[in-house]
Amino acid sequence: MTELKNDRFLRALLKEPVDVTPVWMMRQAGRYLPEYRASRAKAGDFMGLCTNPERACEVTLQPLERYPLDAAILFSDILTIPDAMGLGLYFETGEGPKFRKPVRTAADINALKVINPEQDLPYVTGAVRTIRRELNGRVPLIGFSGSPWTLATYMIEGGSSRDFRQAKQMLYNQPEQMHQLLDILADSVIAYLNAQILAGAQAVQIFDTWGGALSHQAYQEFSLRYMKKIVQGLLRENEGRRVPVILFTKGGGQWLELMADTGAEALGLDWTTDIGLARQRVGQRVALQGNMDPTILYASPSRIREEVGNILKSYGQGSGHVFNLGHGITPEVDPEHAGAFIRAVHDLSAEFHR
Ligand code: CP3
């Protein structure tokens, strides 16, 4: 087992002392990088990158070659699970993900089976093993999955959606049917994340991208409940180290106390929540990850640096903060600006760890 040379990301998630605040970016391997676009062109398309462990490894490492990031994230997608369930995932250029066979009826749901990751998604565990080997202990590797509710929205709508009309129709009209689907997804996510952990993922993040579209009651019944089930089903230690879980509900700032009750080590914040106020609310219970508005990366490097300073100051003294954007970096961002952001986090944060 290779020794980790930089473990400040894992230490911050466990609120252990660090020298500077660790930083990574959601979607750090992606279209804003010309080298990513070149790899994608060579692979043919996005799924051609995901399904080939050598190529997935190559693009995972690209942002780490450019920037002093404190973590790598597996290059894959949350929609690999529904694809493995037979829904037929495809990407139409400029239109986002689509499914050939969306889930609409009770019969569709009855036909679904919990996935077996090593058998159904060998390219994902293969990518995790390849990336760990190539990282050679440089930084920790993050594994990830979508939340059951977020996966269900894509499966029912057949792709992205603005209002989640069909998913919410099922939720309100056939709640038992929705629960049946979410249960199959939660069991699949547990198996999927545990397989990633056993293959070498050193922390895992659950992306609940659409939890914030639910009402206060519906969030607890249809999203949070299943994320709690997942957290309780995960391997929490591997290779002699704690494997921290990060829960990210976009638009979930009003539910942080409830999210902390799941037993996750850390909560992801989008930019609509003040990180200092969030820290007061959750106290010592969880670490916080976030939360700069990704569109600030379109502003000047000096304005980016100022905003990094504001967020560090709001979080305040001590460990328990992993710096990140409040959502994924967008394709039009200048890579120089991303570099200015990452440098600013390391430069300006040392004084908060003395
Ligand atoms: O963060 C990383 O660098 C790891 C890779 C990663 C991708 N998708 C690669 C990707 C991760 C963590 C995801 C998660 C994901 N995928 C989420 C949850 C996170 C979030 O953004 O809220 C969701 C909702 C998806 C589903 C998905 N995949 C959508 C809606 C799209 C299209 C949107 C877009 O930006 O075009 C994808 C495609 C996708 N996944 C791309 C990447 C780099 C772009 C594909 C391309 O190269 O054309």
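Glycine residues also receive a Cβ, built from the backbone N, Cα and C atoms like all the rest.
What TrEMBL says about this one:
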type: BINDING; residues: R27, Q28, A29, G30, R31, D77, Y154, T209, H327; note: substrate binding site
type: DOMAIN; residues: 22-31; note: domain 'Uroporphyrinogen decarboxylase (URO-D)'
type: DOMAIN; residues: 142-158; note: domain 'Uroporphyrinogen decarboxylase (URO-D)'
type: SITE; residues: D77; note: site 'Transition state stabilizer'
Y154 (substrate binding site) falls, by DSSP collapsed to helix, strand or coil, into helix
By Cβ distance under 8 Å, which residues at least 6 away from the ends of the domain 'Uroporphyrinogen decarboxylase (URO-D)' (22-31) in the same chain are close to it?
8-9, 11-12, 37, 40, 59-60, 62-63, 69-73, 75, 142, 322-325, 327-329, 331, 338, 341-342, 345-346
Out of R27, H327, give me whichever of these binding-site residues has the highest number of other Cβ atoms within 10 Å.
H327
Counting only residues 6 or more past its boundaries, what in the same chain has a CB within less than 8 Å of a CB in the domain 'Uroporphyrinogen decarboxylase (URO-D)' (142-158)?
24, 71-74, 76, 78-79, 81-82, 85, 87, 97-99, 102-104, 128, 164-167, 170, 178, 181-182, 185-186, 189, 192-193, 196-197, 201-211, 213-214, 222-223, 226-227, 230, 246, 249
Recorded substrate binding residues, R27, Q28, A29, G30, R31, D77, Y154, T209, H327 - maximal Cα separation rounded to whole Å:
23
Measuring Cα to Cα, how many Å separate Y154 (substrate binding site) from D77 (site 'Transition state stabilizer')?
12
Identify which of the recorded positions A29, D77, Y154 has its Cβ surrounded by the largest number of other Cβ atoms within 10 Å, counting every protein chain shown.
Y154
Tell me which residues of the chain lie with their Cβ under 8 angstroms from that of R31 (substrate binding site), as long as they are six or more apart in sequence?
R37, R40, P331
Which numbers of helix, strand and coil residues does DSSP report for the domain 'Uroporphyrinogen decarboxylase (URO-D)' (22-31)?
0 helix, 1 strand, 9 coil
Whole-number Å only: compute the distance from the Cα of A29 (substrate binding site) to the Cα of D77 (site 'Transition state stabilizer').
12
Can you tell me the mean pLDDT for the domain 'Uroporphyrinogen decarboxylase (URO-D)' (22-31)?
98
Compute the C-alpha separation of H327 (substrate binding site) from D77 (site 'Transition state stabilizer'), stating it in Å without decimals.
15
